[in-house]
Amino acid sequence: MELHITPALALLREHHLLDHVSNLSDFTATSVSYDSRKVKSGTLFFCKGNFLPKYLASAKEKGAIAYVAEKEYPEGEGLPAIIVNDEQKAMSLLGAAFYGYPQNDLFIIAITGTKGKTTTAYFADHILAQSTANHIALFSTLDRILGNKPEDKFKSDLTTPESLDLFHDMRAAVDNGMTHLVMEVSSQAYKKNRIYGLKYDVGIFLNISPDHIGRNEHPTFADYLHCKEQLLVNSAKCLINAETEKFTDVYYTAKATTQPEDIFLFARRGANIELPDNAQIDFEYRNDLEDLHESEFELTALTEKAKQLNLDGRYKTSVPGDYNEGNAVAAIIASGLAGASANDAVETLNHVHIRGRMEMINSNTHGTIYVDYAHNYASLKRLLAFLKRQTNAGKVTVVLGATGDKGISRRPGFGKALTEEQPDEVILTTDDPGFEDPMTIAREIDSYIDHDKVKHIQFEMDRETAIKKAIDGSENDDIVVLAGKGEDPYQKINGEDVPYPTDVKIARDYINELEK
């Protein structure tokens with residue numbers, strides 16, 4: 001891979017990003033990086049994010065050939081300085097160019113939504129693995145899969161990575177023979193222009209509800225919604241859950257850049273939806289069976305363009321929760337638009353397992369433990385409401401905390417969900433407190449709980465101890481819900497990722513210890 005200065009500057013000019021160039025010379029970059037620790041001879045270095053001038057000095061010392069920044073730095077004296085008005089946009093464009101535009105060799109399904117992105121991504125990944133003979137890459141919150149060898153699979157750090165990492169991984173996937181890609185797209189990816197210029201074959205909009213609002217994230221819900229909607233603006237075909245909040249706004253955003261025949265809407269049968277203009281629901285689904293282990297539903301095409309995909313039928317998923325049926329429907333339709341058949345979905349959906357998503361741990365004497373990533377009002381409420389409908393449980397205990405430094409809206413949201421669903425016991429604990437005091441966060445959540453409806457609340461800031469307390473206090477017909485962290489193997493504390501065994505491991509190990 002390489003990038004010559006002349007086409008690089010032309011690309012920046014085309015997008016009105018280039019301010020000026022100092023010390024211009026004729027060069028070809030043979031590497032790109034925003035991390036000074038990874039710089040080698042011939043690297044084009046990007047000064048971004050939490051950049052410090054000493055990083056540029058280090059990059060220069062290691063052989064950087066030029067740098068891209070929003071201003072000149074004395075530490076880069078003697079190097080060609082490409083000065084732009086938006087560093088992140090420039091990095092995305094030049095990253096794609098350096099790696100040879102690998103997105104052009106992939107059929108890309110992109111997914112956004114406040115909740116359900118990962119579940120939908122895994123459903124689509126399994127369907128397309130069947131239809132493409134495993135020529136499918138996956139970029140998710142949990143995993144990044146670039147090929148079929150063990151070394152091509154690793155855990156993710158971000159839902160949507162930095163642009164240089166994103167295009168590097170796309171190039172690796174293409175070089176590994178992958179033809180399709182399913183990827184989650186976060187609102188922060190658009191807020192920070194990590195994916196500027198990237199287009200998708202199919203864009204899925206699952207839902208929107210208040211989340212990620214606060215300092216270091218989105219200042220308002222309107223900003224959050226706008227960033228989410230950008231996925232539709234950049235998609236050739238748009239697939240929208242018509243039951244989402246702000247549906248009319250979302251629909252008009254898609255319609256502004258996409259022809260009506262390329263917009264597909266789906267909803268649960270009987271849903272009360274006010275459709276704008278002449279919009280029609282293309283697919284409807286109906287729940288036929290749901291329990292704690294699986295769900296079964298029927299999907300029906302209503303419009304001619306929907307019928308052409310031949311996706312009508314009954315489907316069964318191994319991920320419980322009626323709310324996950326909508327995620328499965330989105331995956332089925334998007335995969336159908338990518339060439340998959342109904343049979344591909346029928347054969348695979350019932351075998352999907354997603355770590356930390358409705359993960360069930362059975363015990364002989366301490367009830368059933370559910371580990372789920374539910375980390376905002378909507379997802380916690382849906383989870384607790386589903387469990388309440390499906391069980392004759394004696395007691396429901398919830399263990400949860402809220403993140404620090406961001407997502408401040410989650411704290412009143414948790415209090416509201418707990419008040420509405422009224423679990424028998426709540427243990428408030430630590431969940432990525434960052435630079436905040438976890439007890440202060442827990443007290444804030446507690447302040448939003450109606451104590452006339454939720455009477456038994458404990459505070460235990462050691463999350464492992466909190467989990468063990470919840471299990472100790474449960475009997476055979478009880479349920480323990482471990483919410484928020486899913487499979488996260490760390491706690492973010494004071495700027496560090498402190499290793500954490502995961503909720504699943506702690507619960508399983510403790511159950512095994514109790515039942516020896």
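Cβ atoms here come from the backbone N, Cα and C positions, even for glycine.
Annotation source TrEMBL lists domain 'Mur ligase central' at 111-334. The ATP binding site annotation in TrEMBL covers GLY113, THR114, LYS115, GLY116, LYS117, THR118, THR119. Residues or ranges marked as N6-carboxylysine by TrEMBL: LYS228. If you look up TrEMBL, you'll see 356-486 marked as domain 'Mur ligase C-terminal'.
Annotated features taken from TrEMBL, shown on the structure.
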| residue | record | DSSP class |
| --- | --- | --- |
| GLY113 | ATP binding site | coil |
| THR118 | ATP binding site | helix |
| LYS228 | N6-carboxylysine | helix |
Quiz item: Taking just the CA atoms, what is the gap between GLY116 (ATP binding site) and LYS228 (N6-carboxylysine) in Å?
Solution: 14
Quiz item: With every protein chain in view, how many other Cβ atoms are within 10 Å of the Cβ of LYS228 (N6-carboxylysine)?
Solution: 27
Quiz item: Could you give the mean pLDDT over the domain 'Mur ligase C-terminal' (356-486), rounded to a whole number?
Solution: 92
Quiz item: Hey, what's the Cβ neighbour count for THR119 (ATP binding site) at 10 Å?
Solution: 28
Practice problem: Determine which residues of this chain, when GLY113, THR114, LYS115, GLY116, LYS117, THR118, THR119 are set aside, have a Cβ within 8 Å of the centroid of the ATP site's Cβ atoms, and list them as they appear in the sequence. | Solution: ILE111, THR120, LEU206, ASN207, ASN327, SER379
Quiz item: Which of GLY113, GLY116 has the fewest nearby Cβ atoms, counting only those within 10 Å, among these binding-site residues?
Solution: GLY113
Exercise. Over the span of the domain 'Mur ligase C-terminal' (356-486), count residues by DSSP class, listing helix, strand and coil in order.
Key: 46 helix, 28 strand, 57 coil
Self-check item: Integer Cα-Cα distance in angstrom, THR119 (ATP binding site) to LYS228 (N6-carboxylysine)
Solution: 18
Self-check item: Same-chain residues at least 6 apart in sequence whose Cβ lies under 8 Å from LYS117 (ATP binding site)
Solution: ILE111, SER140, THR141, THR159, GLU184, VAL185, SER186, LEU206
